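Notes follow the structure.
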Amino acid sequence: MSNTPYNSSVPSIASMTQSSVSRSPNMHTATTPGANTSSNSPPLHMSSDSSKIKRKRNRIPLSCTICRKRKVKCDKLRPHCQQCTKTGVAHLCHYMEQTWAEEAEKELLKDNELKKLRERVKSLEKTLSKVHSSPSSNSLKSYNIPESSNLFMGSDEHTTLVNANTGSASSASHMHQQQQQQQQQEQQQDFSRSANANANSSSLSISNKYDNDELDLTKDFDLLHIKSNGTIHLGATHWLSIMKGDPYLKLLWGHIFAMREKLNEWYYQKNSYSKLKSSKCPINHAQAPPSAAAAATRKCPVDHSAFSSGMVAPKEETPLPRKCPVDHTMFSSGMIPPREDTSSQKRCPVDHTMYSAGMMPPKDETPSPFSTKAMIDHNKHTMNPPQSKCPVDHRNYMKDYPSDMANSSSNPASRCPIDHSSMKNTAALPASTHNTIPHHQPQSGSHARSHPAQNRKHDSYMTESEVLATLCEMLPPKRVIALFIEKFFKHLYPAIPILDEQNFKNHMNQMLSLSSMNPTVNNFGMSMPSSSTLENQPITQINLPKLSDSCNLGILIIILRLTWLSIPSNSCEVDLGEESGSFLVPNESSNMSASALTSMAKEESLLLKHETPVEALELCQKYLIKFDELSSISNNNVNLTTVQFAIFYNFYMKSASNDLTTLTNTNNTGMANPGHDSESHQILLSNITQMAFSCGLHRDPDNFPQLNATIPATSQDVSNNGSKKANPSTNPTLNNNMSAATTNSSSRSGSADSRSGSNPVNKKENQVSIERFKHTWRKIWYYIVSMDVNQSLSLGSPRLLRNLREFSDTKLPSASRIDYVRDIKELIIVKNFTLFFQIDLCIIAVLNHILNVSLARSVRKFELDSLINLLKNLTYGTENVNDVVSSLINKGLLPTSEGGSVDSNNDEIYGLPKLTDILNHGQHNQNLYADGRNTSSSDIDKKLDLPHESTTRALFFSKHMTIRMLLYLLNYILFTHYEPMGSEDPGTNILAKEYAQEALNFAMDGYRNCMIFFNNIRNTNSLFDYMNVILSYPCLDIGHRSLQFIVCLILRAKCGPLTGMRESSIITNGTSSGFNSSVEDEDVKVKQESSDELKKDDFMKDVNLDSGDSLAEILMSRMLLFQKLTKQLSKKYNYAIRMNKSTGFFVSLLNTPSKKPDSKSGGSSFMLGNWKHPKVSNMSGFLAGDKDQLQKCPVYQDALGFVSPTGANEGSAPMQGMSLQGSTARMGGTQLPPIRSYKPITYTSSNLRRMNETGEAEAKRRRFNDGYIDNNSNNDIPRGISPKPSNGLSSVQPLLSSFSMNQLYGGTIPTVPSLTNITSQMGALPSLDRITTNQINLPDPSRDEAFDNSIKQMTPMTSAFMNANTTIPSSTLNGNMNMNGAGTANTDTSANGSALSTLTSPQGSDLASNSATQYKPDLEDFLMQNSNFNGLMINPSSLVEVVGGYNDPNNLGRNDAVDFLPVDNVEIDGLVDFYRADFPIWE
């Protein structure tokens, strides 16, 4: 582990402790022997035959643990000796506490408490002096009152301590005098500083001017994810919440969702109004059994009514289809797929999700996006032999199938309605209700065993003996199990250190008889023979003598599975090309001999051959532990071992995400990996917390003296190799956890009688066992506290264990009196617990100000600035973690009730090393003294070989990433707050740019660290050995978060200023032809120059916001590299699929069009020549759903907002030409706050010049006519009247649709009506119904031939606004429709209006003579007219890729169509009663 220099002075506590240690050593002889925790315990009385046993000196050593381990002389200096300092392990120098020093320790605690109080008073006085020196009285009021209230948080407690601990008026007066002196000195220093600060007065005044600004984070960064089965709240720290506070992302999503609606309308018009020559059933009934009885009682499972809405049937000239795999004779009358209006909803027996494995028919170039019914077109079915499976969902089929036929075994087809004999090259699979996702597959070098027990059905009840017999087949051989356990405790144990190593190994010996191979070897109790007979010795019997052994067996299975997944050879191969060399860190293989490397390679190759299947864990937790019942119903069998298993289970679910679907029944529709963002972990952690409360873990074990009385009975049970009959006088909770520790202590004592159990264990060993049990108790509790903090940080949810010290007095594991000389790695674990808890306190301080509603509603800028500065000092190593926590408490940013007053014996030298020292440890391979001196070669030779040092440094690496992610989040919040204020207050521009640059620096830091991790996981003996599974998701999540900010900056760099609500249009209608040749040539030159610079770009350097035009290209190159990384990681990790889709989504969207338009073809060649309709499997399903599905997407909800169906606003007067319907006239919807116009921090003069040139070229191209809408004048509007909407059709014309209306007047393409004109009178963004449209019931072409003829000649977008059930005659609809300034749809029925029958498409009037089958709507024109977003030209082909296409809602849950945004396609359960009950928010 790397050490960093700390310029910390030796505290007074250490000097007092040192003087205490220097007392006469004769004081030891009168103390109680053994490591007793009580000072008044009786001395040890020897038995009558004690003279025959050699007496041992029961004293506590004075030398430090490290010197005793190295067997060198210790000078006993405090806080660390010189020997440890010279060898570079001063941070591990540890002294066991003396029993006679307990009273002195209490005095030290009092003095330390007084010292902390003095520091707080000093900080308060300093703050008050600054307030009084402020020239503004307003700032005094606004600053003094809230600050004092925060600073004195918990002051009553400290005041009581002061009164209790001083004890005399003289000490209080003395302290008062010291405070006065310190105050005078500080005033003099402040006066001298003020004289030297005149040069920086301007910058300081700007900073001080906005210090008291309040931010309301409860509205800007909160999301509510509405799902089909409930709602989930996502706080400000969730990865989805970043877009809510950014106006650019809001408007971009609004544009994307609006485009998605328009593109669906285009597809609808293309397919709905073509003549259907034939409507044949796609199933060939000729192959069905011609049984008369069957024909009379059974029907075809295809819903033929679907063809009436535009579905094209197979043509007659198509080749003969294959035999239908559906056996129609097996369908009863109740198996027909239900219509939408049927009351009894019986699901279709065909499992459509199975088509993703190769049975999906190829899609047409223009599928019908509004078709939600399942069609089976066997003419286009392509069976993939290696992947084809039975398409029947047996769970839905067996529910409605007759029991007499289901139980029949004579006819194989009676069990499954599929005639498998007709499925060519497809093997029938046995029916199983256990659908699993393939978990991590072994790499090329691994050969997993195929267990027959994996193929058996697990849905039926299994007895305990059957489960144990099955597990014996699944578990690896004994020697392999021992190797896995050793690997776990060597590499993975520091990540979840809640076990007692010796205790756990002893349990495994009892259950699996591992020591029977050779009981005369290492501390595990078994040898590692190379003989093949011993190597392949299987597990023949599993002994479960106690009830808790089932939990120990479950922990073992998790350890076997997790360690196998973490083997470096099993990690994903990452090849980023030339950029890979930039992210490599030095490894430590040079420190190992060739023989050691060879031995390690042999062990890994042996372990790779023995994979423990995930089904073994399912069997254990379901039938042996019955964890579902324990965690939800009863706590009768809850003990420490149960809590340990629950923690391991939670840890495994988060780490091995590909196994998650096998273990849980979570509905993961629309989420790539529910294991990290779903509510399942929240429920499990709450259960773990309640079980910990039930076991009393929140109270320190020293409060329960009855723990000492259970050891003799426990040891007797263990020595007898215990049956399940426990001593009724003992505590069963302790029996299950302390027994093995006692036995292990007996085996280490060297006494044969103790090992055999014939004599009771002596008191010293009992005391050691008690202390180890208490130590495990404390470790479990503080690990739960850390889990709570991490979950709150990941999901943005409130913490469960708030104000920890108000209900818990459990001490840190460092308070345990254990001799670590035999277990140095446990000493490192103890040090890490203290350090990580202090880091968690820093994270808690941030979470309180962001997530707590009482603080987040009015958090002030200077509070966030203080958090930023302290976190920067911590991660850059300029301040020790103890000092950072003390500063947080003194400044009122962290209440003492959160646990700020940690134990007084914290090691100031054991802190968080610098990130550079962690990464470069293998290269320099040297440490520094505490005073900064380099170590010599002789000191390096004497350095102690520390266990799992690389794992500890990897954990330090993850802590740095977490802290810097918080710094990025805080800077991003302040940036999005001050950037829109620049147009009104220019002084905020400096602040906004500073915060943006800081946010970008920390985002790039997280991006680099993510790349460093994945580029080094497969290196031998690297920093991340065996940590590839545990740290993969945290690192990838931080990299994904940083890319979100990259998207924000690219939008600003490409779009320029937002035009706001009172100027020109936000979303313009420029096309590709709007660019003149000179501007495009200049763009090409700039792009070529930027590409040359990118070739020399160093990904390890920070990006400057002043990079100008190359900023977007630099950031885009990083997005492309991250997309390449996630694509490779998707092969192994499911959660990488979501991130790959997210990155690919924005890469496709933000790419600049690379092809110039052809003026001869009218711009139609703007599309790529080889463009084809993208495959449905590549679409983003959250954009392919219908409107009801999108309303459940949190991004959609926050980008557009919820409103009533008619889009009426509460309190707004009815405008001319607008009619209000029903209750919407009195019931308003939720509207988003208005967005003000402002210039982004990336705005430069070159952006202005290029935008002006673009605007001029666009103005030259336009042709004005009577239908043109002047954006600068709301009065120049054609006259018209408002048609009466009917059947839910809003009278408000949707945004982005007027271009198709204006195409009716001569084919010209004017600009889109200004968003300002639509919303200026309402003061808000356009509502949901103004941007999207309700689904329209279009007329049947067979009913009205004349109407169909007119529709054929309309543009595809125009016909989207015609309603079949309207009461207005079609002749009255043949008028000019436009949008006025109020957003009202107007119809001109004057004589000058042109009729629909005479309208032409943009391609000319010659299309009117074409037939319906020959006419094809012009998709390219449509895309070009909608590819401009605020000056950002979006590639039309990319636009189709990200918003086009249509996914069947039944396929949204497939693995290959997983989305990066959550969306559901089922109604919200429990809210059906509120439908249309004046609750527009649920509409």
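Glycine is treated like the rest: Cβ placed from N, Cα and C.
The Zn(2+) 2 binding site annotation in Swiss-Prot covers Cys64, Cys81, Cys84, Cys93 and is backed by similarity to another entry. According to Swiss-Prot, the feature coiled coil maps to 105-134, an assignment based on sequence analysis. According to Swiss-Prot, the feature compositional bias 'Low complexity' maps to 177-208, 735-759. The annotation region 'Disordered' is assigned in Swiss-Prot to 1-56, 162-208, 432-458, 706-767, 1266-1289, 1386-1411. Feature annotation from Swiss-Prot assigns region 'Heme-responsive' to 244-444. The repeat 'HRM 2' feature in Swiss-Prot is assigned to 299-304. According to Swiss-Prot, the feature repeat 'HRM 5' maps to 389-394.
Long-range C-beta contacts of Cys93 (Zn(2+) 2 binding site), restricted to its own chain and to partners at least six residues apart, with a cutoff below 8 Å, comprise Cys64, Thr65, Ile66, Pro79, His80, Cys81, Cys84, Thr85. Looking only at the region 'Heme-responsive' (244-444), the predicted model's pLDDT averages out at 48. Other C-beta atoms found within 10 angstroms of the C-beta of Cys64 (Zn(2+) 2 binding site) number 27, with every protein chain shown included. Each residue in Thr65, Ile66, Cys67, Cys74, Leu77, His80, Gln82, Gln83, Thr85, Val89, Ala90, Leu92, His94, Tyr95 lies on the same chain as Cys64, Cys81, Cys84, Cys93 and has a C-beta within 8 Å of the C-beta centroid of that Zn(2+) 2 site, without being one of the site residues. Other C-beta atoms found within 10 angstroms of the C-beta of Cys84 (Zn(2+) 2 binding site) number 25, with every protein chain shown included. Secondary structure at Cys84 (Zn(2+) 2 binding site), taken from DSSP and collapsed to helix, strand or coil, is helix.
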